[in-house]
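Scroll down for the structure; my scribbles are underneath it.
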Amino acid sequence: NAGIAGNRVVGVGRGTGGQSGTDRFDRDVLAVAGARTVVVALGINDIQQYPQEADPQRIVDSLRALTDRAHARGLRVVGATLTPFEGFATWTPQRNAVRQAVNEQIRAGTVFDAYVDFDAAVRDPAAPNRILFSYDSGDHLHLNDDGYRALGDRLDLKILDRAGTPRSDAL
């Protein structure tokens, strides 16, 4: 796991997250001996952190670029949809629309080889732009232990070894 809190895919935020996921990809993913599959869960911080990315296509293009780089090294890519964050300090309907547009393209199968629907795993069915209360750490962006367990349960580990390029939820 090479996750960094606050990390972004399009650019580097101010004071948080370190190098962007794009900049770290060679070192943290492509240089890992024996890797066959990479799971990418990036994009929400591009939307909610200053400077906020308002163009979903820039996020999608950055995610696709990571997929292309992984493919060039023979790796499969399983990507994650972006989880809800209504109630967090930086949430706006416009930023949520960016999140939904990115998720739409991920679910359409145009970004990764396969995807896992983290959004569906943790959203509140009664308020789908929010994290389910029992999974919310309290800030409405980050998950608690049960929320992270729900993400882990959503990812079928067998998808990591499958050949080919399935274009559906990694269940």
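Here the Cβ of each residue, glycine as well, is placed from N, Cα and C on the backbone.
Heads up, TrEMBL stuff is auto-annotated, nobody curated it.
These come from TrEMBL:
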COMPBIAS  1-11  compositional bias 'Low complexity'
REGION    1-20  region 'Disordered'
DOMAIN    2-150  domain 'SGNH hydrolase-type esterase'
- Message: Looking only at the domain 'SGNH hydrolase-type esterase' (2-150), how are its residues distributed among DSSP helix, strand and coil?
- Response: 61 helix, 21 strand, 67 coil
- Task: Let me know the model's mean pLDDT on the domain 'SGNH hydrolase-type esterase' (2-150).
- Result: 92
